[in-house]
Amino acid sequence: MMISRGLFGWSPPHIQPLTPVSEVSEPPESPSPYLDPGAEHGGTGTAAQADDEEEMEEPEEMEPPPAAVPFSQLFACADRFDWVLMVFGSVAAAAHGTALIVYLHYFAKIVQVLAFPTDSDHLISDDQFNRLLELSLTIVYIAGGVFISGWIEVSCWILTGERQTAVIRSKYVQVLLNQDMSFFDTYGNNGDIVSQVLSDVLLIQSALSEKVGNYIHNMATFISGLIIGFVNCWEIALITLATGPFIVAAGGISNIFLHRLAENIQDAYAEAASIAEQAVSYVRTLYAFTNETLAKYSYATSLQATLRYGILISLVQGLGLGFTYGLAICSCAMQLWIGRFFVIHHRANGGEIITALFAVILSGLGLNQAATNFYSFDQGRIAAYRLFEMISRSSSGTNQEGIILSAVQGNIEFRNVYFSYLSRPEIPILSGFYLTVPAKKAVALVGRNGSGKSSIIPLMERFYDPTLGEVLLDGENIKNLKLEWLRSQIGLVTQEPALLSLSIRENIAYGRDATLDQIEEAAKKAHAHTFISSLEKGYETQVGKTGLTLTEEQKIKLSIARAVLLDPTILLLDEVTGGLDFEAERVVQEALDLLMLGRSTIIIARRLSLIRNADYIAVMEEGQLLEMGTHDELINLGNLYAELLKCEEATKLPRRMPVRNYNDSAAFQAERDSSAGRGFQEPSSPKMAKSPSLQRGHNVFRSQELCFNSEESPNDHSPAPEKLGENGSSLDVGEKEPTIKRQDSFEMRLPELPKIDIQCPQRQKSNGSDPESPISPLLISDPQNERSHSQTFSRPLGHSDDTSASVKVAKDGQHKEPPSFWRLAQLSFPEWLYAVLGSIGAAIFGSFNPLLAYVIALVVTTYYTSKGSHLREEVDKWCLIIACMGIVTVVANFLQHFYFGIMGEKMTERVRRMMFSAMLRNEVGWYDEEENSPDTLSMRLANDATFVRAAFSNRLSIFIQDSFAVIVAILIGLLLGWRLALVALATLPVLTLSAIAQKLWLAGFSKGIQEMHRKASLVLEDAVRNIYTVVAFCAGNKVMELYRLQLQRILRQSFFHGMAIGFAFGFSQFLLFACNALLLWYTALSVDRRYMKLSTALTEYMVFSFATFALVEPFGLAPYILKRRRSLASVFEIIDRVPTIEPDDTSALSPPNVYGSIELKNIDFCYPTRPEVLVLSNFSLKVNGGQTVAVVGVSGSGKSTIISLIERYYDPVAGQVLLDGRDLKSYNLRWLRSHMGLIQQEPIIFSTTIRENIIYARHNASEAEMKEAARIANAHHFISSLPHGYDTHIGMRGVELTQGQKQRIAIARVVLKNAPILLIDEASSSIESESSRVVQEALDTLIMGNKTTILIAHRVAMMRHVDNIVVLNGGKIVEEGTHDCLAGKNGLYVRLMQPHFGKNLRRHQLI
């Protein structure tokens, strides 16, 4: 019967712990750069901070409740049709809610048939038979009413909810796009505000549609249940009400603890989530420093913090559910026991007692379910307050009705302007600023960081208004001008152009109507037409967040085309070419030069070399105009501009290279001859000196300059190979020179972790150094521990490529099918004892469902078939049995939920560790795939592991419980009457469909179209992220048009969606009642045909009615399990994936010595995500040990790819990358990367202390070594100036550092690593000139450290200490040689470096 869940199916909300029990050993000796040091009080700096925080603690004040609108205000956007829908929906919900109570009323009449007189010749009289048929037909009528009311209820509330929230969304977006820029400065324009709006609207929609209907439905059940209960037997109803608070208290107390524990466990897992997110986000850095084991340990250790919470949740859940069910069953036994007094004294019959009892129980459950909606109502009211407050907010105070100038000359004047941002009013940006821009002239604004130059463009665009002063256009204050007209006269091009998720055509024409011919003409002027035409869909190619990814150069060209199409009088350029390489910068500058002709132009520049041709240069300092004039005039003045230019030029002009200081040439010749005797030539680099000191002197040997073109190569020989053992050690027993001083293996000191088996050879240590050396001993080899020039290695064996190929064939081939049940069971096998104990509890509790129904049915039949003392004895016996079952239920629930909970927690933890460990074994190419983005992987770690738990431990618990319920119910049915049992079983498929449909409905009305809302929100998110572009090009109406179009599609879809969901839900409820009517009809038929007695038949009918949900639920779980099986498949695809580049091959080589010779031989390469684009083609490059080679080239020529191949982030498609004559594939991957130091263009800083960021390279480094590394990196001074020094927390939760400071910390990390091979990837390209100089000095010192160095550069500053320069174009070497040689060729190298040297490039010689 449908009331069975009313007695046994309700429980406090089930809260699944996010993080499980961990089984990790002792922590490492050194702190992890992933873990928050605030969590451990071992550091003095951290402890001091903690003490300060304790002193600052004040008594907590209770926060006032958040503001909320009145409930009626939720429907403020409803029109007349919405009110009609809500009225019909409410009536239908009330009718649907009373249906179960009405059925219960007729159930009493079914039981009352037992009181009819029977025919002596028949087991059932004609009156009884006809009455049962009549009642079964009545239940069919109820089923029809439920079908109609359920359909109308769901459909009406879905439709009205979508309609009302569509109006709210539209009004909100309209107001949002009309806000001034100070609003976005305050609340952010990074898309978070859109996500908040989307979630707020969903809360409102849930509150005013789904939850209102659900509330009316359950309140109707509550009211009708009380009425029916008191009408049938008010005494029983009253007593049942009196016991209700005790049952509610048991569940409520456990809920309070569960919610608190849930919050604690969320906070505990946040630390682990942060570790995982940083690890997968910065995986290249993590791999480069071979810290995979540390990351795994840190992640596992952070999961340890959730151990006690997981156990407590399982404990509280088991006890809470046990006492709730136990008290409910004992209460039922008491009501039935009291009922016998009313039956004996003829004050009520059995049907009235059972109806009163269950009607009040259902009434209480209805009230409980109705009360759960109040939380949603409160959330909806709070969300509505936030949205309605925004909707009622006045739009931008700017003038929309101003004047329009008849003709625009373009004279611009800033007159005594004072300005500060509203979000930071205490910080003055401009203070008495004056500036005049003559018509059709270009004025460049320069100055130090924080001088205020970047605020000029938003003031000119009227994103903001000055605090004091005025901005004039042709003598008219721009406040008096019509805003839309003003912005139509201004073209804006920025360094980071905004592209929206539209086609290229729509992006160029953004905010205005234009023909395709006009768009193409604008693209041609912007030098964009060629690359657009080469795309498959041309101008219809989708770009932006959801479309094709374009290069920065291409984005800027589209931005220029957009400005060209606007044909503005005034042009604003904000550091347009700052992030481009030389060739891209030249092309873009040509397009800008054309665009600037005949227009008043303001240029914001940070690189002074780009603005020498401006008509005037204005120099700003602290918000004021310091000086203004032409380039030559300002140079002659010799003030700030000259100083800034001098700083920039200092980073460009090549310096003399450091060379060895020999007392006489004979000494050098002797060493050269000695070297030749060992089978190799002296490398061209003068830094290959074996002297521990690199001193400058007067007697300098300068090697002959070499120059090669694309068809030539240096005449260098590879070092002679030597014979090696299988482990990479030399078979030569002669004298061996020790290796460079290296770090001790931190991994060797970590406790053993399950599924983490990483072995690392113990490396030798050395502490010798020359105190006389001007170069730190951290940068050079130990004099007693030099790299051996003679101990080199032969090429790899031929079969290594075959092995790699076989791995690639197997790539991602596992688990196309979901994992088997046995695979899941294997994961939980260590907790088999917990599973056994939990299964015992689940089996006992599941069996009690039909057993309790059977005993209650016996009590009810006893009311009719027994009298006097026999009735009293029988009822007492059965009620005592029910009470005992209630007590056993407490124990059974505790066993079930506590032990299955522990098993699930351990399984979740184990799967998370296995997934994280497997992720960190994959090659970098795996992370490049879209489905393996950091956000996605972090989310999968958080959620997918819980799916494994849900699919096994949770579902196993319910499956065992319901399976025993089914088995016991079938056994009871077969014992009482097998024919009726078979009919009941035949209805199971139909009831299964009903259960599935109902579960889908209970999951929420709105989920079916949430994806459409997400797509609609992308339009708004694009606009908010690029709000400056939207406002500057007056495209708010365009955004509004696109958004409304999406809303119209959603409304059309929601109508059909609502009707379909409503029909499915109504029909599912119809099937539930119709099957019950069928069962009652066959019960009457069975008795009439003398298959069984009437009392026995009705007992079996009641058993199956009570057990209906238990019989159906295992099948109802099918869609959930099938859905989760897809998630499970993805989990095991990660765990079982075989990486194409194996990091843990213990049979690979780990030689004791490294020479440092690197060769890329006949390389063909394309990225796995772009196999159609060949990045390197038949590429060859050789770098001798100790040499420094610079690689330059246009954007996309393959420069950074070289470093990725050397770090073995990727393997080439064809060819070989060799280290000391052996293919990189023959080396152990972690060993290989441990001998390389990598400095990237974007410095990666972990969210921890500066100390831990530096010692990330070598965890056993001493304090002195760490500080020495910081000094070499020019970082010690600024670190020491911070309040907490090296213990300062940086990153997401700490102090914000500049890009230059971050880069210096990254350099210090590489210095501390002291690897023999150094890889630098445009380390100073993204840093402003002033900071770039400091970073450049640190790089210079690092490069002088006697290492094999490959640097990617696009500034001449990086060419100071190079032995060879390689120029790339199209994945091939087109020029090669020294700086002077390449400068003399006047080829691509000259064109690339022209912006940095000017016309006199050839004069600069490397001396």
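Cβ atoms here come from the backbone N, Cα and C positions, even for glycine.
Quick look at what Swiss-Prot annotates:
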BINDING   G447, R448, N449, G450, S451, G452, K453, S454  ATP 1 binding site
COMPBIAS  761-770  compositional bias 'Polar residues'
CARBOHYD  N291  N-linked glycosylation site
CARBOHYD  N449  N-linked glycosylation site
CARBOHYD  N663  N-linked glycosylation site
CARBOHYD  N727  N-linked glycosylation site
CARBOHYD  N767  N-linked glycosylation site
CARBOHYD  N1178  N-linked glycosylation site
CARBOHYD  N1260  N-linked glycosylation site
CARBOHYD  N1346  N-linked glycosylation site
TRANSMEM  84-104  transmembrane segment
TRANSMEM  139-159  transmembrane segment
TRANSMEM  212-231  transmembrane segment
TRANSMEM  236-258  transmembrane segment
TRANSMEM  310-330  transmembrane segment
TRANSMEM  351-371  transmembrane segment
TRANSMEM  840-860  transmembrane segment
TRANSMEM  880-900  transmembrane segment
TRANSMEM  958-978  transmembrane segment
TRANSMEM  982-1002  transmembrane segment
TRANSMEM  1061-1081  transmembrane segment
TRANSMEM  1102-1122  transmembrane segment
Would you identify the secondary structure of N1178 (N-linked glycosylation site) according to DSSP, in three states? strand
Going by C-alpha positions, which of the glycosylation sites (N291, N1178, N1260, N1346) is nearest G447 (ATP 1 binding site)? N1346
Under 8 Å, at least three CB pairs between the transmembrane segment (84-104) and the transmembrane segment (236-258) (pairs 6 or more apart)? no
In Å, rounded, how far does the Cα of S451 (ATP 1 binding site) sit from the Cα of N1346 (N-linked glycosylation site)? 41
If you measure from the C-alpha of G450 (ATP 1 binding site), which of the glycosylation sites N291, N1178, N1260, N1346 fall inside 10 Å? none
By a three-class reduction of DSSP, K453 (ATP 1 binding site) is assigned helix
When the Cα-Cα distance from N1260 (N-linked glycosylation site) is computed for each of the recorded positions R448, K453, S454, N1178, which gives the smallest value? R448
Please compare the binding-site residues R448, K453 by how many other CB atoms fall within 10 Å of each one's CB, and tell me which has the fewest. R448
Taking the centre of the Cβ atoms of G447, R448, N449, G450, S451, G452, K453, S454 as the ATP 1 site, the remaining residues of that chain with Cβ inside 8 Å are M620, E621
Least surrounded among the binding-site residues, given as G447, G450, G452, when other CB atoms within 10 Å are counted: G450
State the count of C-beta atoms found within 10 angstroms of the C-beta of N291 (N-linked glycosylation site), not counting that atom itself. 25
Helix, strand or coil for G447 (ATP 1 binding site)? Use DSSP. strand
Between the Cα atoms of S454 (ATP 1 binding site) and N291 (N-linked glycosylation site), find the distance and write it as a whole number of Å. 40
So among N291, G452, N1178, all listed as recorded positions, which is physically nearest to N1346 (N-linked glycosylation site)? Use the C-alpha atoms. N291
How big is the Cα-to-Cα gap, in Å, between N1178 (N-linked glycosylation site) and K453 (ATP 1 binding site)? 47
Have a look around N1178 (N-linked glycosylation site) and count the other CB atoms within 10 A of its CB, chains all included. 13
